[in-house]
Every structure is written in C-alpha cells, then in structure tokens.
Amino acid sequence: MSSMITADTIRKILSDNINKEYSFSREEAIAIMNLPEEDMPFLMEVAGSLRKKYKGNYVSIHLLTNARSGNCSQNCAYCAQSCRSKADIEKYKWVDDEKLYSDNAFVHDNHLSRHCIGLSGMKFTDEDIEELAEKIRVMKADGTHLCCSIGFLTEKQALILKEAGLDRINHNLNSSRSYYHNICTTHTYEQRVNNIHMLQRLGFEICSGGIIGMGESKEDIVDMLLDLREIQPEALPINFLLPIPGTPLEHADTTVLTPSYCMKVLCLARLLVPQSDIRCAAGREVYFKGREKELLSVVDSIFASGYLTADGQGISDTIKTITDAGFVYEIESD
Ligand code: SF4
C-alpha cells in the first residue's frame, strides 16, 4: 500500500527538522522512501545535519575476522555459510589463533575502531563459549574494542562472554518481521528480537541492522528500521546484497539497488535512529563506488578488508577514501 502522505508534507517536515530529531511515523517514513530523485540532495542534507550533530566529521573503521566459517544449520537465503548454500567457501570450526590475534593486533596498531568477530552458526555449546571467552581475554589485553557476531546465546553463555570483556554483540534483524520467512525458516524474527533484548538486559552494546535487496518492499525496509528504532542499537549496519553464487539468492534481482535507492535507505536509517553509528557494510564498494563523499556525509562507519565471505577494500585504500572525502577516521583503540 502506498503512503497517504504527500511529498510536499514530507519536504515541510524535513525542512522544519534540519539538525533536529523528529519521531517519524510509519507513513512518513514510507513517504521518504517514495520521494522523487530531485529531493535526494535535500534528504541527504537533512540526514547529514544529524550525522554532523552526533558524529562530527569522524568515520569509524571496523575490521572483520571470520572466526568460525560454514556448516551452519540455519537456512538464511543470502548466506554462503548456510547448510543450504553450495557456495565454495572455506569451512572451519575455529580460525587459526595466529590469524585471529594478528587481525586484532592490526586493529590495535592501526587504531581502528573495532574488531568484529563473526561466527557461523546459531547455537553454541558452553565449551565453545568458554573457548571463545579465552580468545576474547587474550584480545582484550591489547585494549581493542570487540564485537562478536554470534547466534542465539543462553544467558549463561552471554555472561561468560561479558565477563571475558566482550563489549558488543552483533545480531541483525536482516529484514522486516513480515518478510523474514522468505529469507529464513529455521528460526524466527521474534527469536532474534528476543535475543537482542536479553543481551541488552545483560548490558551489552548492540549492533543490529539489515540487508537490502532480498526482494523486500520499501514498507519492509521501513518496518525493519522502525523495529531498530525501538531497539536503539549502538550501531546499525546496512548491507546491500552481494548475491553469492551457490546461495538461494545468487540470482536475486539487484537492479533496485541504485546508488540513489541505497542512499535513501541510509538517510532513513539516520533520520530514524540518528544517534546510532550508521554503517554502510557489505556492498559499499559496489553500490557506492565513486560516491564515497556523499556516502560519508550520511554514514559514519564502514568496514575495511572485506566481509565474511566477500572481499572488500583494503585498509590503506579505505583510509585514503575517508581522507580524500574530507573526513577523519576515528581512533578508538588504546
Ligand atoms: S547468517 Fe548466520 S545463522 Fe544464517 S546461515 Fe549464515 S551463519 Fe547461519
């Protein structure tokens, strides 16, 4: 269903709220997604005013290490690590400690904002969690900020990781509640939301976002972002689908992912959850190539050196991209 709010009404709301937070309704958010191309510079200006207000000129850089790869029992359609995927990827239970710790030292030595550690799978044994906690203790000795992308934890397991020093957990919503069953049937959206709330109760910072380009509607994107507004994650990563051969979404139609459409989603994320670190994650190098300056005027966080099973821009090129665009990369580690 299309929005009843006119573009003129939205323009007026936006111009009344430059540099201010405003609680957009679902209909207003849908109307933003429907704004015509000629409104993009203004939309970016309004989103950019909030970016400046809360994040200044800084861009945080995150490095991702895939600590456990493949063999996942879940059937997330976009994921190369799922049991349903035939993608040709490396599969291992634990990445070599040498690689994990050298990545961590790299984050430390280059003063990157955070080391993100991805683990495939949805359920872990207590022994696995104890092993991970030990690795976290080693890495925290370097003073790096750590985030684990990990499935559903029990409270006991989450506390073990908290005591080991883990700062933040990534658990994405990925899509809207009503579209989720098209993406995954081995767990529910509700389980994801509940897991996030449990982690918040235990005092974890939360990184939670989604993937755009999986066949969802604009309304689905709005609904996901409104749920993220409820959650108020410290970081909100938006991924733009990179269809991976061998996954059910390998032939997904990504023609909708024009730079302008992708930018609109990021602007809406900024308008709805303005104080969060809005991150342009997977797809940045594809969908925003040559448009980094505009991109960074709205988002304040990116990855360097690739994604779980997809390559990305290396660290020195990433830093150059940031400085060439007139931004400074944030130095967070000790
Ligand atoms: S996204 Fe996570 S839970 Fe889903 S298949 Fe991939 S590794 Fe498993």
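Just so you know, glycine gets a Cβ as well, placed from its N, Cα and C.
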Per TrEMBL, member of Cys83, Cys116, Cys184, Cys262 binding [2Fe-2S] cluster alongside Cys147, Cys207, Arg279: Cys116
Contacting binding-site residues, sequence order - Cys116, Cys207, Arg279 vs ligand 1, Cβ under 6 Å: none
Cys72, Cys116 as binding-site residues, winner by CB count within 10 A: Cys116
Inter-residue C-alpha distance, Cys207 ([2Fe-2S] cluster binding site) and Cys76 ([4Fe-4S] cluster binding site) (nearest angstrom): 19
Chain-internal residues, separated by at least six, CB under 8 A from Cys76 ([4Fe-4S] cluster binding site): Ser82, Asn174, Ile183, Cys184
Predicted model, mean pLDDT over the domain 'Radical SAM core' (51-284): 93
